[in-house]
Amino acid sequence: MAKVESFTLDHTKVKAPYVRLITVEEGPKGDKIANYDLRLVQPNENAIPTAGLHTIEHLLAGLLRDRLDGVIDCSPFGCRTGFHLITWGEHSTTDVAKALKSSLEEIAYHTEWEDVQGTTIESCGNYRDHSLFSAKEWSKTILDQGISDQPFERHVVE
């Protein structure tokens with residue numbers, strides 16, 4: 001079975017919240033795709049409940065695209081501690097951390113239910129499992145801790 005980088009990471013050594021560049025893959029024509037670890041809570045110490053994580057996911061899908069060029073996808077980890085962000089091309093972890101911080105600020109302090117995309121039976125595969133209240137509270141908690149552009153030491157972005 002192929003080795004998966006995420007499963008070789010020592011989850012006891014990282015210091016969340018942080019942004020980490022996992023890999024940059026190059027396609028046969030030179031196209032580059034970057035994969036980032038957007039870790040919002042400390043692994044094995046906490047996990048974001050599914051309804052809040054689901055709402056954060058739907059909001060980040062649009063908010064990160066507004067702040068970073070080339071966003072392909074932002075999908076939650078099964079462990080519920082953060083997200084994979086996939087982009088065309090490579091951004092610095094500082095730029096990604098700043099975009100994440102700005103997006104979480106928008107969620108925490110400015111987002112209303114009407115702003116959440118994909119919350120109907122037609123547009124979401126689990127439309128009943130959302131909580132804007134939880135998304136806002138978790139966003140505030142994460143922002144209070146600061147988002148680092150380094151996974152193993154705290155280097156909080158402004």
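Going from the start of the chain as shown, residues are counted 1 onward.
Cβ atoms are placed via backbone N, Cα and C, with glycine included.
According to Swiss-Prot, the features are:
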- His54, His58, Cys124: Fe cation binding site (BINDING)
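The Cβ neighbour count for His58 (Fe cation binding site), using a 10 Å radius and every protein chain shown, is 21. Same-chain residues with CB within 8 A of the center of the His54, His58, Cys124 CB atoms, the Fe cation site residues themselves not counted, are Thr55, Glu57, Val116, Gly118, Thr119, Asn126, Tyr127, Asp129, His130. Around the Cβ of Cys124 (Fe cation binding site), the same chain contributes His58, Gly118, His130, each under 8 angstroms and 6 or more positions distant in sequence. Following the DSSP three-state reduction, the secondary structure of Cys124 (Fe cation binding site) is coil. According to DSSP, His58 (Fe cation binding site) sits within a helical segment. Cβ-based neighbour count (10 Å, all protein chains) for His54 (Fe cation binding site) stands at 25.
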